[in-house]
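Read through the structure below, which is laid out as structure tokens, and then see the notes.
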Amino acid sequence: MQKLLIEGGHLLNGKVRISGAKNSAVALLPAAILADSKVIIEGLPNISDVDTLSGLLEEIGGKVEQRGKTLHIDPSGMTSMPLPNGRVKKLRASYYFMGAMLGRFKKAVIGLPGGCYLGPRPIDQHIKGFEALGAEVTNEQGAIYLRADELRGARIYLDVVSVGATINIMLAAVKAKGKTIIENAAREPEIIDVATLLTSMGAKIKGAGTDVIRIEGVDQLSGCMHTIIPDRIEAGTYTILAAAQGEKMLIDNVIPQHLEPLLAKLREMGIEIEEGEEQLLVHRREDLKSVDIKTLVHPGFPTDLQQPFTSLLTRANGTGVVTDTIYQARFKHIDELRRMNAQIKVEGSSAIVSGPVKLEGAKVKATDLRAGASLIVAALMAEGITEITGLEHIDRGYENITQKLAELGAKVWREEMTPEEIEQFQNS
Ligand SMILES: CC(=O)N[C@H]1[C@@H](OP(=O)(O)OP(=O)(O)OC[C@H]2O[C@@H](n3ccc(=O)[nH]c3=O)[C@H](O)[C@@H]2O)O[C@H](CO)[C@@H](O)[C@@H]1O
Ligand SMILES: C=C(OP(=O)(O)O)C(=O)O
């Protein structure tokens, strides 16, 4: 088990290239189950969530071959093998095996998904959708059993705007008989990416990216080739990091429109950002003004960037209020930031950040993926060395983060933890 060490205070310079989107990748891989021949996905990020899902595809009989960042998935030999335990518990996106296996085999057994603990993460809307399509869904000893004689298109109104439910229902509905309409659908760019892959496979989908998605079911889906979109959350994290500790940083391979709410807030703080077609150039500004942010469904401010943004606010003048309306308890990073001298209070679903403060290096723990990102932003600004444990969360979603930071001039390295440190970490 390793820990990440960062010596703070060094300004970052140069270019960082953004990888393929985690939250697309984790849906594109399960979507390949629906095809009858080889699906090739290009530009995948080298992160542990992708490895875990590749392993799951193999467990159900798929042939998966990795060539650099390209994955060749041959789904022809797959079966509806139950997956009640094991890898499915490691990540959130294993829930996409429900929709994809239901679509192809009309049955599936999938353990309840893991992933970041951000407070309760129910999947009632996924189940509502599957039931509306004609599936019988039961929860037996922590696994979801889904079966249907036939899937029939339906009109489904989501009571809560959910990325996972929107994609999962889409996965099941593309092979249902007749028309499905998903109302109050989520509009995240990753949903469009998955719809693009499914359309290349032969699915008939209209409206992905709006709040009404119309799907006309088809009998057969075939293999295809697809290139993934860049990761807007990784791009947002590096943009925040540039605002926090960059001198002049170029963020390459981004779709700037995907980052509009973040860029608007950074500009309000006084940061100068030049936008190119696929690049952002962020310039240093010493005196930053505090702002308030409120996370909302897309195209609002993304909850996944709330945690790293909180760290940036510690160096701004005044008080900034961060309110998370999506995950009201997504504040586990705050206790760790306080160890680094941050002045932050949590009140209900808001964190109130007072700045500017000089952060100090400390021993801290990443409790979830974006908590890890927030600690990295803080550590780069802090005086002295910060030791971050819990790297398994960070490695789920950030490709080669140590190397990317080092190339920007950060003093960053990994070390093996001692047996005593591992014991302390496991008991904390
Ligand atoms: C793998 C993936 O893509 N993960 C992202 C996805 O997670 P995920 O798909 O799990 O998040 P959702 O969009 O489903 O959740 C949004 C809100 O709806 C609630 N909800 C969701 C489903 C449901 O059946 N019932 C329900 O009440 C959730 O508790 C949450 O409050 O979107 C989140 C919100 O942008 C991001 O933080 C995650 O990075
Ligand atoms: C919460 C996240 O991931 P997941 O939904 O996979 O747990 C995230 O990407 O910030």
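Don't overthink the numbers, they just go from 1 along the chain as shown.
The backbone N, Cα and C atoms fix where each Cβ goes, and this holds for glycine too.
The active site, proton donor annotation in TrEMBL covers C116. Every protein chain considered, the tally of other Cβ atoms within 10 Å of the Cβ of C116 (active site, proton donor) stands at 21.
DSSP gives N23 (phosphoenolpyruvate binding site) a helix state. The phosphoenolpyruvate binding site feature in TrEMBL is assigned to K22, N23.
The UDP-N-acetyl-alpha-D-glucosamine binding site annotation in TrEMBL covers R92, R121, P122, I123, D124, Q125, D304, I326. Sequence-distant neighbours of I326 (UDP-N-acetyl-alpha-D-glucosamine binding site) (same chain, 6+ residues apart, CB-CB distance under 8 A): T295, L296, V297, T303.
Sequence annotations record features per position, and here TrEMBL assigns domain 'Enolpyruvate transferase' to 7-405.
If you look up TrEMBL, you'll see C116 marked as 2-(S-cysteinyl)pyruvic acid O-phosphothioketal.
Counting neighbouring Cβ atoms within 10 Å of each of the binding-site residues (R92, P122, I123, D304), the lowest count belongs to P122. Selection of the binding-site residues K22, R92, R121 by a Cβ distance under 6 Å from ligand 1 yields, in sequence order, R92, R121. When the Cα of N23 (phosphoenolpyruvate binding site) is compared against those of the recorded positions C116, R121, D124, Q125, D304, the shortest separation belongs to D304. Ligand 2 lies within reach of R92, D304 from the binding-site residues R92, I123, D124, D304, judged by a C-beta closer than 6 angstroms to any of its atoms.
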